[in-house]
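Enquirer: To start, I am sharing the structure in question, which I have written as structure tokens.
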Amino acid sequence: MQGLTIKDLGEFGFIELIRNRFRHHRRSDVVVGIGDDVAVVDVGPFYLLATCDGQVEGVHFLSDRVPPRYSGRRLVAVNASDIAAMGGTPLWALVAMNVPDHTDVSYLEEFYEGIVEGLEKIGASLVGGNCSRTSRDTVFDLFLTGRVEKGRMVTRSGAKPGDLLVVSGTLGRARAGLTLLLRKDAESLQKILEGSSRSGIDDLLKNAILHYYAPEPRMELGRFIGSEGLARAMIDVSDGLLQDTLHICRSSGVDVVIDLESIPVDESCALVAKEVGEDPLEWALTGGEDYELLFATTQKDFKRLFEIFGSVVGLNVIGYFREGSGRVWIRMNDGSEVSAEFFASMGWTHF
């Protein structure tokens with residue numbers, strides 16, 4: 001009989017298992033280990049940040065639909081967003097390329113061009129990596145380092161009762177882009193990207209597709225929050241608003257109440273969800289991969305942040321933290337509260 005599988009345990013259950021099993025297997029210079037956005041190591045004058053994330057063909061990108069340059073930029077963005085969520089600055093990257101032996105070299109060249117473009121945009125450099133052969137699908141993994149000054153690091157675990165829950169930008173745009181990617185043929189996608197269709201909504205659809213292709217991590221906002229100490233806890237919205245809020249709550253040992261009417265649903269999300277007969281609000285709550293910053297802050301610090309970034313990226317107070325044991329509650333439009341577990345899926349998980 002087959003034993004427990006990783007699908008049975010789930011992505012976050014497996015992470016918890018590994019963290020607990022090897023809790024004492026760490027050097028004295030490790031400040032933050034398994035369980036946060038990045039690992040943090042004390043290297044003397046500053047903290048070194050380290051993160052790793054990958055892109056798997058058929059899971060994160062489709063080689064026949066997504067230009068390789070965009071996939072390369074996306075690989076950088078999903079890693080850089082983790083650095084931003086700690087208030088850090090990216091430094092160096094290593095890339096592990098795993099491809100079938102029939103892969104076109106020009107495709108790989110363009111993929112790496114996208115990687116380097118993405119790294120240059122965030123001020124980091126490609127310094128090495130590895131090449132391996134796979135039997136079928138293409139897999140790229142990127143290991144990214146960064147730095148943050150001591151005393152300026154922001155983790156998931158500092159939220160306090162009374163803090164505000166704030167998210168940057170809008171939500172659901174990546175889910176809209178992914179839906180278009182899966183439902184449109186290659187020719188239709190190209191027309192949208194080139195602005196040659198006649199729907200009158202090209203800009204919204206184009207932005208949604210590009211946001212999924214190559215999201216823009218909130219590097220400047222994250223660095224400013226960290227350097228000025230303006231957040232008690234922070235995470236990037238990669239798994240979905242509800243799932244990532246739950247990470248903060250469990251790490252901080254508090255509950256949160258999210259105001260449903262305050263969720264900033266992206267315009268493209270509303271448009272595409274309506275077109276396919278789904279709920280745009282649920283996409284915004286659970287869709288994930290928007291790579292906005294989600295953080296806990298005080299009323300005073302929010303006011304300062306809003307004065308600087310409010311008109312640039314948009315900052316939205318969507319809830320508040322209170323005493324509790326790590327649960328997420330949603331205040332409905334009629335004022336009642338329901339557990340976020342009410343939603344069939346709180347967000348993305350690999351298994």
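Backbone N, Cα and C define each Cβ position, glycine as well.
Straight from TrEMBL, here's the annotation block:
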type	residues	note
BINDING	Asp37, Asp82, Asp236	Mg(2+) 3 binding site
BINDING	Asp37, Thr51, Asp82	Mg(2+) 4 binding site
BINDING	Asp53, Asp82	Mg(2+) 2 binding site
BINDING	Asp53, Asn130	Mg(2+) 1 binding site
BINDING	His60, Glu289, Trp348	substrate binding site
BINDING	Tyr112, Gly129, Asn130, Arg156, Ser238	ATP binding site
BINDING	Asp239	Mg(2+) 5 binding site
DOMAIN	35-148	domain 'PurM-like N-terminal'
DOMAIN	160-325	domain 'PurM-like C-terminal'
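I'd like to know what surrounds each of these features in this structure.
Expert: DSSP assigns Asp236 (Mg(2+) 3 binding site) to a strand.
In the three-state DSSP classification, Thr51 (Mg(2+) 4 binding site) falls within a strand. Long-range Cβ neighbours of Thr51 (Mg(2+) 4 binding site) (same chain, at least 6 residues apart, Cβ-Cβ under 8 Å): Asp37, Val38, Ala39, Asn79, Asp82, Ile83, Phe143, Leu144, Gly146.
The number of other Cβ atoms within 10 Å of the Cβ belonging to Asp82 (Mg(2+) 3 binding site), over all protein chains shown, comes to 27.
Annotation for Asn130 (Mg(2+) 1 binding site): spatial neighbours Leu94, Val95, Ala96, Met97, criterion Cβ-Cβ under 8 Å with sequence separation of six or more.
Mapped onto three states, the DSSP output places Arg156 (ATP binding site) in coil.
Residue environment of Asp239 (Mg(2+) 5 binding site) contains 23 other Cβ atoms, counted within 10 Å of its Cβ in all protein chains.
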Enquirer: Report, in whole Å, the straight Cα-to-Cα distance of Asp53 (Mg(2+) 2 binding site) from Ser238 (ATP binding site).
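Expert: The Cα atom of Ser238 (ATP binding site) is 11 Å away from the Cα atom of Asp53 (Mg(2+) 2 binding site).
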Enquirer: Can you check which residues sit near Gly129 (ATP binding site), meaning Cβ under 8 Å from its Cβ, same chain, 6 or more apart in sequence, and list them in order?
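Expert: Correct list: Leu94, Val95, Ala96, Met97.
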Enquirer: Restricting to the binding-site residues Asp53, Tyr112, Arg156, Asp236, Asp239, which ones have a CA within 10 Å of the CA of Glu289 (substrate binding site)?
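Expert: The binding-site residues passing the 10 Å Cα test are Asp236, Asp239.
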Enquirer: Just the number: how many Å between the Cα atoms of His60 (substrate binding site) and Tyr112 (ATP binding site)?
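Expert: Here the two Cα atoms lie 17 Å apart.
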